[in-house]
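What Swiss-Prot records for this protein:
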type: ACT_SITE; residues: Cys456; note: active site, cysteine persulfide intermediate
type: BINDING; residues: Leu183, Leu184, Lys265, Gly287, Gln296; note: ATP binding site
type: DISULFID; residues: Cys344-Cys456; note: disulfide bond
type: DOMAIN; residues: 61-165; note: domain 'THUMP'
type: DOMAIN; residues: 404-482; note: domain 'Rhodanese'
Amino acid sequence: MKFIIKLFPEITIKSKSVRQRFTKMLQGNIRNVLRRFDEDARVRMDWDKLVVSSRNDQFHAQYLETLACIPGIQYFLEVKLSNFTDLHDIFEQTRAVWGDRLKGKTFCVRARRVGKHDFSSLELERYVGGGLNQHCETAGVRLKKPDIQVNLEVENDELYIISAVHHGMGGFPMATQEDVLSLLSGGFDSGVASYQFIKRGCRVHYCFFNLGGAAHEIGVKQVAYYLWSKFGASHKVRFTAIDFEPVVAEILEKVDNGQMGVVLKRMMMRAAGQVADYFQIPALVTGECVGQVSSQTLTNLNVIDRVTDKVILRPLITWDKPDIISEARRIGTLEFAETMPEYCGVISKKPTIKAVLSNIEAEEANFDFAILDKVVSEARYLDIRRIGEETAAEVQEIETTEVLAADEVILDIRSADERDEKPLVVEGRDVLHIPFFKLATAFGDLPKEQTYLLYCDRGVMSKLQALYLKEKGFDNVKVYRP
C-alpha cells in the first residue's frame with residue numbers, strides 16, 4: 001500500500017531551506033510513529049510531498065487512523081503507483097481501479113502533471129474521462145459536483161491513481177517550534193489548549209497540580225497519555241506532577257477569601273515557571289478564556305501573569321464554551337473531561353474580579369513560600385511513554401492475569417470503534433463492554449460478588465482505570481492481558 005502525503009500549506013510558502021527542514025522533520029515524525037506498529041514502513045521525501053509505503057496491508061486501518069493525527073499533514077491520498085507508456089495505458093490502468101465504482105455514478109477526471117509529456121493535463125483528463133464514460137456503466141460526466149471525482153497524478157514516467165483522499169490535522173510538524181509546558185487539569189479547556197499547540201508543531205510537556213489525591217492524578221495522566229499517543233507520539237515528552245494540597249491549605253489559612261483564586265493561580269504560575277526553567281522551556285500554556293470564571297477577567301489575568309517571566313499562552317482566550325466542548329468531542333478528550341471533578345472552584349466563595357496587585361502582594365506576604373518551594377522540589381517527573389509501567393510499579397495490588405477463574409468476568413473498556421475493529425473473543429466466555437469513559441459511573445452498578453478483568457489493547461488504559469477504581473474502594477478488579 002502507498003500513500004501520498006500533502007504538506008500543510010503554510011509549510012509550502014516557507015523559504016527553500018525552511019521548507020526542506022520542515023519536510024525532513026515531518027518525514028522523521030511519520031517514520032517514528034508508523035514504526036511503533038509496522039517496522040516495514042517506508043517514508044520517501046520529494047519536493048512537494050512525502051510517499052509512505054508498506055508491504056503489510058493488514059495495517060491499512062491503522063495507517064489511515066495514524067496519518068490523520070500527525071501534525072504537518074494537510075491531507076493524504078491512497079494511491080496505486082505504476083509506470084505507463086501512453087495515454088491509453090493510463091486509461092486502462094485507471095479503469096481497472098475505478099471501473100466498478102463508477103457504475104450508476106456521475107463523475108469527472110482531474111489530473112495533475114509534472115515533467116515533459118506529449119499531452120497536457122487537460123488532454124489527459126479528456127482521454128481518460130471519455131474512455132471511462134464509454135467503457136463503464138456510468139451515469140455520465142459531470143464537471144461540477146459529480147458523485148465521484150477520479151484523481152490522477154503523473155510525474156515523469158510514474159502514474160499515481162488516487163483511490164481515496166483523507167483529511168489530515170494540518171499544522172506544523174512536531175518539534176519545528178519550541179517546547180511549551182501545558183498546565184493540565186483534565187478538564188475541557190486545558191486538553192483542547194494542549195492540542196492546539198501540538199497541532200502548531202510544539203512539543204507539549206504537561207504540568208499537573210494535584211488537588212484531589214491519587215484519583216485526580218490518575219485521571220489527568222489518562223488525558224496526557226491520550227493526547228500524546230494520539231497526536232504527538234513521534235517525540236517523548238514529560239509529565240510533571242506536583243502535590244499542591246499543602247499550598248491550598250496554606251492559602252485557606254493565610255489569604256483573604258476574596259483573593260484566594262488569584263493567589264492560587266499565581267502560585268501555580270510560579271511553580272510551573274520553575275519547572276519550565278528546569279527543562280529550559282520558554283512558555284506556559286493554559287486553557288483560560290476571558291470572562292469564563294472570576295480569575296479570568298483581564299485585570300486578574302494581568303495580575304496573575306506578573307509572577308513569571310515566561311510567556312503565558314492562552315489559545316482559547318476568546319473561545320465560547322460550546323466551541324471548546326465541541327472541539328474536545330472532536331479530538332477525543334470530552335469523555336475524560338466529563339468524568340473529571342473540578343477542584344479549583346471550591347477555593348473562594350466571593351472571588352474578586354478586579355484584583356489589585358498591591359492587595360494581592362500584601363496577602364501573599366502572609367504566605368509561607370517555603371511550602372511552595374518544598375512541593376516544587378518534591379515534584380515527580382515522568383517520561384510519558386512510561387506511564388503504564390510507572391503506575392504498575394506504584395500500586396502493587398493491581399493484579400494482572402491471563403488466566404480466567406470461574407467467577408471472573410472480562411470487561412472490555414475500549415471505545416466502540418476500537419472494539420468493532422478488533423473484537424475480543426474468548427472461547428466459552430462472555431465479554432462485557434463498558435467504554436473507559438463510562439466506567440467510573442457504571443462500575444458500581446455491576447454485581448459486586450464477581451471479579452472484573454479490565455481489557456484494552458496495550459494494557460495502559462486498563463491499568464489506569466483499575467487504579468482509579470481501587471482508589472474509589474472497589475477491590476474486585478484486575479487487569480486482563482491474554
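Using the three backbone atoms N, Cα and C, a Cβ is placed for every residue, glycine included.
Over all protein chains present, the Cβ of Leu184 (ATP binding site) has 27 other Cβ atoms lying within 10 Å.
Separation of the C-alpha atoms of Lys265 (ATP binding site) and Cys456 (active site, cysteine persulfide intermediate): 37 Å, rounded to the nearest whole number. In sequence order, Asp412, Ile413, Arg414, Phe436, Ser462 constitute the residues six or more apart from Cys456 (active site, cysteine persulfide intermediate) in its chain with CB-CB distances below 8 Å.
Broken down by DSSP into helix, strand and coil, the domain 'Rhodanese' (404-482) contains 28 helix, 19 strand, 32 coil. Proximity of Leu183 (ATP binding site) to non-local residues of its own chain (separation of 6 or more, Cβ distance below 8 Å) is seen for Ser190, Cys207, Phe208, Phe209, Met268, Ala272, Leu284, Val285, Thr286, Gly287, given in sequence order.
The C-beta environment of Gln296 (ATP binding site), restricted to residues of the same chain at least 6 apart in sequence and closer than 8 Å, consists of Glu288, Cys289, Val290. Reduced to three states, the DSSP call for Leu183 (ATP binding site) is strand. Over all protein chains present, the Cβ of Lys265 (ATP binding site) has 24 other Cβ atoms lying within 10 Å.
Over all protein chains present, the Cβ of Gly287 (ATP binding site) has 25 other Cβ atoms lying within 10 Å. Residues Leu183, Leu184, Lys265, Gly287, Gln296 are listed as the ATP binders, and the farthest two of them sit 16 Å apart at their Cα atoms. Here the domain 'THUMP' (61-165) is broken down by DSSP into helix, strand and coil counts: 37 helix, 36 strand, 32 coil.
When averaged over the domain 'Rhodanese' (404-482), pLDDT in the model lands at 83.
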